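Quick notes on the structure that follows.
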Amino acid sequence: QMSNSSSTTIFFLLAFGDRRELQLLHFWLFLGIYLAALLGNSLIIATIAFDHRLHTPMYFFLFNLSLLDLGSISTTVPKSMLNSLLETRAISYAGCASQLFMFIFLMSAEYYLLSVMAYDRYVAICKPLHYGTLLGSRACVHMAAAAWGTGFLSAVLHTVNIFSLPLCKGNAVDQFYCEVPQILKLSCSDTYLREVGLLMFSVFVDFVFFLFTVLSYVQIFSVVLRIPSQQGRHKAFSTCLPHLAVVSLFISTVVFAHIKPPSISSPSLDLVVAVLYSLVPPTVNPLIYSMRNKEIKDAL
């Protein structure tokens, strides 16, 4: 079907199966995951909000992380579930643009927030005497706002850029939600260089944040390993491990999704990978943080 972006009013998302049983299985599976993510993140948000003992920088950032997780999983999953239930694949042009925008916004903000959280752990362990001054409440609010703001800016740039491209290769999106690579595939080949340039810039910015997180942890480990008592080492490690686990999970799934060689790329594999990085972190993060964390368990 030949059409440019002005006449594309509807997109078709990838279905999880053409048999009714498969569609219903997908609905129930996604519903289970979604409810788990909803419950876990809501519990963490409520616990941190209502327990005054948890009004510290670390938990303030965790509160923001749970908000972002709730938002990102709510951007993709309910629409996909609804489509399976109603046996349709359609998403409106505005729906697709807003889904792409919200997903980039929330995922980017989460990535930047994880770097801020690495800095929080670095100050707590490497500069404990300066913790109160370096991470006062105003500084924390500024850092969190910067993460949300940078994510928002990134989303505006990508969304405006992508949806100003002429789309001349039909309107079938090979994914269960609207994502950048899949919409790019629909654009006319010579116009997407601008978006590639923007993506390269994003990758560069993301790499800088990644480097910052890695360096924070190199410093943290060099300090922790010099702590003479085993109990002290264990205590320091236990405050870092949840964050390290969350960062590793987030980065590894996203990297695998976008850097896997085209030779192993197939719609079904792309689908599995997208499910991994859009559903697993928001669902598992609350578990990672609450299992290893005595303060959250007590507050709960």
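Cβ atoms are placed via backbone N, Cα and C, with glycine included.
Residues or ranges marked as domain 'G-protein coupled receptors family 1 profile' by TrEMBL: 40-289.
If you look up TrEMBL, you'll see 27-50 (among others) marked as transmembrane segment.
Here the transmembrane segment (90-114) has Cβ contacts under 8 Å with residues 8-13, 61, 64-65, 68-69, 71-72, 75-76, 79, 83, 144, 146-148, 150-152, 154-156, 158-159, 162-163, 173, 177-180, 183, 206, 209, 213, 243, 246-247, 250, 254, 278, 281 of the same chain, all six or more residues outside its ends. Taken from TrEMBL, the feature transmembrane segment applies to 90-114 (among others).
Summarising the annotation, TrEMBL assigns transmembrane segment to 135-157 (among others). Long-range contacts of the transmembrane segment (135-157) within the same chain, counting only residues at least 6 positions beyond its ends with a Cβ under 8 Å from a Cβ of the stretch, are 57, 60-61, 64, 101-102, 104-113, 115-116, 119-120, 123, 198, 202, 205.
Residues or ranges marked as transmembrane segment by TrEMBL: 199-224 (among others).
Residues or ranges marked as transmembrane segment by TrEMBL: 236-259 (among others).
Marked as transmembrane segment by TrEMBL: 271-289 (among others). Within its own chain, the transmembrane segment (271-289) is flanked in space by residues 14, 16, 30, 33, 36-37, 40-41, 43-44, 62, 65-66, 69-70, 72-73, 76-77, 103, 110, 175-177, 179, 242, 245-246, 249-250, 253-254, 256-257, 260, 296, which lie at least six positions past its ends and keep a Cβ under 8 Å from the stretch.
Sequence-distant neighbours of the transmembrane segment (236-259) (same chain, 6+ residues past either end, Cβ-Cβ under 8 Å): 58, 65, 107, 110-111, 114, 117-118, 121, 124-125, 181, 210, 213, 217, 220, 223-224, 227, 270, 273-274, 276-277, 280-281, 284-285, 288-289, 292-293. Counting only same-chain residues 6+ beyond the ends of the transmembrane segment (27-50), those with a CB under 8 A from a CB of the stretch are 59-60, 62-63, 66-67, 69-70, 73, 77-78, 80-81, 84-85, 279, 282-283, 285-287, 289-290, 296, 299-300.
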